[in-house]
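Undergrad: Got these off TrEMBL a minute ago, pasting:
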BINDING   A:E35, A:E64, A:H67, A:E135, A:H168  Mn(2+) binding site
BINDING   A:D59  Ca(2+) binding site
Amino acid sequence: MWYYEKKLQYPVKVRECNPRLAKYLIEQYGGADGELSAALRYLNQRYTIPGKVIGLLNDIGTEEFAHLEMIATMIYKLTKDATPEMLEAAGLAPHYVNHDSALFYHNSAGNPWTAEYIQAKGDPIADIYEDIAAEEKARATYQWIINMSDDPELNDSLKFLREREIVHSQRFREAAEILKEDRDKKIFF
Amino acid sequence: MQPTYTKYYYPYVSPFDPCKPILKKSYPTPPQLYMGFQPPNLPQFNPKEALYHGTLWPSLYDEYNKKDYRGDEHD
């Protein structure tokens, strides 16, 4: 189970009303390499992986939900007071007719989130390598969003999230090393 | 030291597990995880053996057996 702390992992400030940025950020919300995919992937793989790395998947999967909240907050702030005309100008008219300014789990092209984005192969090495790849893809997505954004305060939060992807990738790489270790083997000198 | 290509772990066994618990569970850690950049001039199979094994190099060969033969242990 989880305990909930009613605050964000890192503050989210948005300087200007820019619904177009929300359209890009939704990629990290309901996209293939987004935070929802990450959280569900790790928390699901936990059950069938050696005990030594269950805790890591648990902790990182939980943190991904904290990131999901930050992304949601960004998108919400960027669109909450936008008029239908402003949303239309930002290319969000199809979103508006379906959802008003509610958030929804789809990518920036409007494709709904699908479980096909994630995998649980059951082979510990295959699963951890997928997780490493997922972290690198999420890092890249943050880079491309930062490149498209000129909001310095929003970019500050995005840079924090990009850095967390780097740390997670490192931890998963360490998990791969743990899985590779010959623990039962006697050491001869 | 030659790494092993099968590892084992001992999953948690609950007193309330409905099925007969697996006490010792195997998972594969095949040779490519350990080689890094393949060094030159490794020993090779002869061509016919290589064809059967799917690789020229014994050090990349990993015989995968069915789970029953991998050393997994049930209660």
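Cβ atoms are placed via backbone N, Cα and C, with glycine included.
Note that TrEMBL annotation is computational and uncurated.
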Undergrad: Neighbourhood of the Mn(2+) site (A:E35, A:E64, A:H67, A:E135, A:H168): other residues with Cβ within 8 Å of the Cβ centroid, in order?
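TA: So the additional residues around the site are A:A38, A:A39, A:I60, A:E63, A:A138, A:L161, A:R164, A:E165.
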Undergrad: Out of A:E35, A:D59, A:E64, A:E135, which binding-site residues come under 8 Å of chain B, measuring Cβ to Cβ?
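TA: Of A:E35, A:D59, A:E64, A:E135, none lie near chain B.
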Undergrad: How big is the gap, in Å, between the Cα of A:E135 (Mn(2+) binding site) and that of A:D59 (Ca(2+) binding site), rounded to a whole number?
TA: 15
Undergrad: Let's check the environment of A:E64 (Mn(2+) binding site): how many other CB atoms sit within 10 Å of its CB?
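TA: A:E64 (Mn(2+) binding site): 25 neighbouring Cβ atoms within 10 Å.
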Undergrad: Indicate whether A:E35 (Mn(2+) binding site) is helix, strand or coil by DSSP.
TA: helix
Undergrad: How big is the gap, in Å, between the Cα of A:H168 (Mn(2+) binding site) and that of the residue listed as 'Ca(2+) binding site', rounded to a whole number?
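TA: The Cα atom of A:H168 (Mn(2+) binding site) is 10 Å away from the Cα atom of the residue listed as 'Ca(2+) binding site'.
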Undergrad: Are there any residues in the same chain, six or more apart in sequence, whose C-beta is under 8 angstroms from the C-beta of A:H67 (Mn(2+) binding site), and if so which?
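TA: Sequence-distant Cβ neighbours: A:Q9, A:Q28, A:E35, A:A38, A:L161, A:R164.
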Undergrad: What is the number of other Cβ atoms found within 10 Å of the Cβ of A:H168 (Mn(2+) binding site)?
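TA: Cβ-Cβ neighbours of A:H168 (Mn(2+) binding site) within 10 Å number 25.
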Undergrad: Taking the Cβ of A:D59 (Ca(2+) binding site) as the centre, how many other Cβ atoms fall within a 10 Å radius?
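TA: Neighbour count, Cβ to Cβ under the 10 Å cut-off: 13.
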Undergrad: Under DSSP, is A:H67 (Mn(2+) binding site) helix, strand or coil?
TA: helix
